[in-house]
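Peer 1: Have a look at the structure that comes next, please.
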Amino acid sequence: MSNQKQAEEAMVSINDTGHEEKEVSNDESGFSLKSVLWHGGSVYDAWFSCSSNQVAQVLLTLPYSFSQMGMLSGIILQIFYGFLGSWTAYLISVLYVEYRSRKEKERVSFKNHVIQWFEVLDGLLGPTWKAVGLAFNCTFLMFGSVIQLIACASNIYYIDDKFDKRTWTYIFGACCATTVFIPSFHNYRMWSFLGLGMTTYTAWYMTVASLVHGQVEGVVHSGPTKAVLYFTGATNILYTFGGHAVTVEIMHAMWKPKKFKCIYLLATLYVFTLTLPSAAATYWAFGDQLLTHSNAFSLLPRTPWRDAAVILMLIHQFITFGFACTPLYFVWEKVIGMHDTKSILLRALSRLPVVIPIWFFAIIFPFFGPINSAVGALLVSFTVYIIPALAHMLTYRSASARQNAAEKPPFFIPSWTAMYALNAFIVVWVLVVGFGLGGWASMSNFIKQVDTFGLLAKCYQCPPPTPAKHH
């Protein structure tokens with residue numbers, strides 16, 4: 001066996017957290033059905049995981065954002081935040097390689113251990129950064145999972161309204177709890193492929209259905225009209241391209257993590273072919289009606305094609321729930337000492353307490369459009385934009401760190417100074433526009449939605465007026 005093949009198998013053995021090295025290498029060489037569907041670690045697996053995870057239910061809310069911001073701003077900010085997110089995902093990958101290179105020089109073994117973002121921060125910058133990264137990452141992933149459950153209940157309601165949305169949340173919460181049986185991102189090969197196919201169908205269904213439907217009578221495209229709506233829509237787009245909170249876990253599932261560097265950018269370029277046409281076509285057809293319909297399914301006429309899109313999105317949201325929850329499972333396993341357990345059943349049972357609070361929050365909040373923007377402004381801003389940029393700047397602040405860096409700046413960055421300037425721009429931009437203005441707008445809109453929902457619930461509970469008696 002060649003040295004390259006041995007290196008690949010060694011990489012597999014430290015990334016698969018539920019299987020022996022011998023078993024994995026046999027599967028890889030024998031092309032068994034299990035290896036084809038279950039054991040993924042190639043650059044293609046990573047691309048499918050990034051593409052599938054990047055856009056889920058947010059695909060249905062982007063037309064809503066366009067109605068808040070206007071067509072031109074919606075398109076420009078999608079492209080801007082798409083490339084911005086790709087850059088910070090690249091920074092995360094560089095920091096992962098740096099951390100792992102240093103640990104391997106110290107003879108640290110990662111067998112049966114999945115490296116996570118907070119551990120990278122701890123190893124490079126110390127326990128304070130570990131605590132900050134852990135807090136933001138876990139909170140973001142928890143609410144990301146909550147949003148998937150809410151979206152499931154919201155979508156199925158357009159096919160079957162026999163149950164209310166809260167009842168559907170109970171049902172889908174139980175279904176999504178089965179993700180505890182998927183050991184790691186190494187085992188998402190089949191699911192990532194299916195998830196991306198389902199998102200692709202839904203995006204192009206929205207595009208074609210909107211164009212075939214044509215513009216509604218008297219359609220108006222007035223956005224942007226209010227600053228609060230504009231920045232709410234902007235933070236929803238920031239949230240759309242902030243799916244790299246699981247970048248480190250996806251990298252760690254690769255046989256050759258150093259090849260990850262451009263994968264997220266390539267995934268983003270593909271995602272543009274889904275988000276730009278679908279959002280633009282739906283907004284063109286329905287205009288300002290979308291201001292009161294955060295879910296695009298609510299305006300598209302019911303047909304078998306729409307029902308198919310709803311069902312496929314439900315399945316994809318189950319997959320995305322697993323993507324968001326799996327890092328939380330890892331954290332919890334490490335806390336209770338179950339992370340290196342080889343029994344899938346024992347690990348699954350130990351993970352169940354993670355699902356319960358997610359289920360609880362999904363039942364409390366019955367709408368997901370405004371939550372996307374709030375999560376984007378308050379959590380995604382730091383988790384996947386500000387913290388990676390700052391961490392990269394601090395990791396390579398000394399001349400010796402830059403000289404001994406495991407990864408040098410890419411070819412299109414002329415110097416370390418230019419890299420610092422770019423990262424500083426990201427920090428300032430996201431802090432002011434994403435967290436500051438976006439946080440103000442998103443929370444204002446979120447509070448308005450909560451008040452409206454409370455008023456509707458109160459009216460629903462009120463007894464009907466007593467008819468007047470005539471003498």
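Placement of Cβ uses the backbone N, Cα and C atoms for every residue, glycine included.
Pasting the feature list from TrEMBL:
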{"type": "DOMAIN", "residues": "39-432", "note": "domain 'Amino acid transporter transmembrane'"}
{"type": "TRANSMEM", "residues": "75-97", "note": "transmembrane segment"}
{"type": "TRANSMEM", "residues": "134-156", "note": "transmembrane segment"}
{"type": "TRANSMEM", "residues": "168-186", "note": "transmembrane segment"}
{"type": "TRANSMEM", "residues": "193-216", "note": "transmembrane segment"}
{"type": "TRANSMEM", "residues": "228-251", "note": "transmembrane segment"}
{"type": "TRANSMEM", "residues": "263-286", "note": "transmembrane segment"}
{"type": "TRANSMEM", "residues": "308-332", "note": "transmembrane segment"}
{"type": "TRANSMEM", "residues": "344-368", "note": "transmembrane segment"}
{"type": "TRANSMEM", "residues": "374-396", "note": "transmembrane segment"}
{"type": "TRANSMEM", "residues": "417-441", "note": "transmembrane segment"}
Peer 1: Is it true that the transmembrane segment (228-251) and the transmembrane segment (417-441) have 3 or more CB pairs under 8 Å, sequence gap of 6 or more?
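Peer 2: With 3 or more qualifying Cβ pairs, these stretches touch.
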Peer 1: Determine whether the transmembrane segment (193-216) and the transmembrane segment (374-396) share at least three Cβ pairs under 8 Å, counting only pairs 6 or more apart in sequence.
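Peer 2: Contact absent: fewer than 3 Cβ pairs fall under 8 Å.
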Peer 1: Count the Cβ pairs between the transmembrane segment (263-286) and the transmembrane segment (75-97) that lie under 8 angstroms and are 6 or more residues apart in sequence, then report whether there are at least 3.
Peer 2: yes
Peer 1: Should anything in the same chain at least six residues away from the transmembrane segment (308-332) have a Cβ under 8 Å from its Cβ atoms, list it; otherwise answer none.
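Peer 2: Residues 49, 52-53, 56-57, 59-60, 114, 116-118, 134, 137-138, 141-142, 144-145, 148-149, 151-152, 155-156, 158-159, 172, 175-176, 179-180, 182, 184-185, 188, 191-192, 194-195, 198-199, 201-202, 205-206, 245-246, 249, 297, 339, 347, 350-351, 353-355, 358.
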Peer 1: Any contact between the transmembrane segment (134-156) and the transmembrane segment (417-441), i.e. 3 or more CB pairs below 8 Å with pairs at least 6 residues apart?
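Peer 2: They do not touch: fewer than three Cβ pairs between the two stretches lie under 8 Å.
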Peer 1: Run the contact check on the transmembrane segment (75-97) against the transmembrane segment (344-368): 3 or more C-beta pairs under 8 Å, excluding pairs closer than 6 in sequence.
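Peer 2: Contact between the transmembrane segment (75-97) and the transmembrane segment (344-368): absent.
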Peer 1: Apart from its near flanks, which chain residues at least 6 from the ends of the transmembrane segment (417-441) lie with a Cβ under 8 angstroms of it?
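Peer 2: Same-chain residues near the transmembrane segment (417-441) but 6 or more away: 84, 87-88, 91, 227-232, 234-235, 238, 373-374, 376-378, 380-382, 385-386, 389-390, 392-393, 409.
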